[in-house]
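Chemist: Residues or ranges marked as active site by TrEMBL: K13, D138. Per TrEMBL, the feature ATP binding site maps to P96, M97, G98, G99, G100, I101, G102, G103, G104, S105, S106. Per TrEMBL, the feature domain 'GHMP kinase N-terminal' maps to 68-145. Annotation comment: TrEMBL describes 208-256 as domain 'GHMP kinase C-terminal'.
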Amino acid sequence: MTAPRLTLPSPAKLNLMLHILGRREDGYHELQTLFQFLDYGDEITFAVRDDGVIRLHTEFDGVPHDSNLIVRAAKKLQEQSGCSLGIDIWIDKILPMGGGIGGGSSNAATTLLGLNHLWQLGWDEDRLAALGLTLGADVPVFVRGHAAFAEGVGEKLTPVEPDEPWYVVLVPQVAVSTAEIFSDPLLTRNTPPIKVRPVPEGNSRNDCLPVVSRRYPEVRNALNLLGNFTEAKLTGTGSCVFGGFPSKAEADKVSALLTETLTGFVAKGSNVSMLHRKLQSLL
Ligand SMILES: C[C@@](CO)(OP(=O)(O)O)[C@H](O)COP(=O)(O)OP(=O)(O)OC[C@H]1O[C@@H](n2ccc(N)nc2=O)[C@H](O)[C@@H]1O
Ligand SMILES: Nc1ncnc2c1ncn2[C@@H]1O[C@H](COP(=O)(O)OP(=O)(O)O)[C@@H](O)[C@H]1O
């Protein structure tokens, strides 16, 4: 008998704004950020094995098997649940790594939700999100699957309903190190907290942008080019740059012009993650 297989989406995210409020004693920075998903991402296929082995069959450039967030997520869930089953995993990877669109965190969340389903663990979202946070600050929002205003290092989440425009996302061919940006002495670290909800208009700044665009000319160039058509923003610590458009046709037109020289894609913003829409359809 062949093992049950399940293919699930692993969407990207954007940070629609990102404010840095201060630095904690452990060196991590307190943030306020707005997460929205894209209807664009990787696809991960899972097949249960009964021998307890966890095996990712797709190779990643520069990421050893056991360091991959997919494998780390699966191993942690297996250990903490005491499950004796294993898993074979394949991924169709389209999201750029180190682009600030959360591919690694999303892959970890899709793995947690997929295995919870296939191994029939019955864990609730709170428990999965808490485990996810030990893998990375952006994992909980992907576990919850709803656009959110995030505080702390990204773990305190309040669901929100921003507009869902079409985005042009440009992918400068450079990986930005999050650690490097957060350790730059010139980074703004004292933005006053926003206390009112929803986030007021005019608060869409990303405090990482000045430092990233100074250090990475490729990002600066992408911001300038997209800025000719719409407000161009940086997601997370970059490198990806994005801008919203009211229709797919307009986004496609701008993308066609810009992707003559730059890599990029068009995707719809989404307040409910396509992972959760797919999981819902399985119930
Ligand atoms: C800044 C965000 C916004 O979404 O974006 P991107 O990584 O997607 O760009 C995330 O919170 C990134 O969170 P996370 O994925 O956990 O960051 P990591 O790469 O593990 O962080 C690398 C290093 O950056 C610093 N760091 C990270 C997050 C934070 N809130 N404060 C920090 O000071 C720490 O020194 C940490 O060791
Ligand atoms: N499954 C994975 N997908 C992407 N990156 C991964 C994965 N597992 C580990 N990583 C590591 O995590 C780093 C950050 O990845 P990613 O989440 O894609 O970027 P970002 O946090 O900038 O959005 C990568 O550069 C890579 O070294």
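Glycine residues also receive a Cβ, built from the backbone N, Cα and C atoms like all the rest.
These figures come from a predicted structure and were not determined experimentally.
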Chemist: Residues with Cβ closer than 8 Å to the Cβ of P96 (ATP binding site), same chain and 6+ apart in sequence?
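Modeler: Residues satisfying the criterion: G103, V171, S239, C240.
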Chemist: Between the binding-site residues G98, G100, G102, G104, where is the Cβ count within 10 Å the lowest?
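Modeler: Sparsest of the binding-site residues G98, G100, G102, G104 by Cβ contacts within 10 Å: G98.
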Chemist: Please work out the number of neighbouring Cβ atoms within 10 Å of the Cβ of D138 (active site), leaving out its own Cβ.
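Modeler: So the Cβ neighbour count for D138 (active site) comes to 27.
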Chemist: Where the criterion is a Cβ under 6 Å from an atom of ligand 2, which of the recorded positions K13, G98, G100, G102, G104 meet it?
Modeler: G98, G100, G102, G104
Chemist: Counting distance between Cα atoms, which of the binding-site residues G98, G102, G104 is nearest D138 (active site)?
Modeler: G102
Chemist: Just checking: which of the recorded positions G98, G102, D138 have a C-beta under 6 Å from ligand 1?
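Modeler: Close enough to ligand 1 are G102, D138.
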Chemist: For the recorded ATP site formed by P96, M97, G98, G99, G100, I101, G102, G103, G104, S105, S106, which further same-chain residues have Cβ atoms within 8 Å of the site's Cβ center?
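Modeler: Residues close to the ATP site, other than P96, M97, G98, G99, G100, I101, G102, G103, G104, S105, S106: A12, L95.
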Chemist: Under 8 Å between C-beta atoms and at least six apart in sequence, can you list the same-chain neighbours of K13 (active site), or say none if there are none?
Modeler: F35, Q36, F37, L38, I101, G102, S105, S106, D138, V141, F142, T235
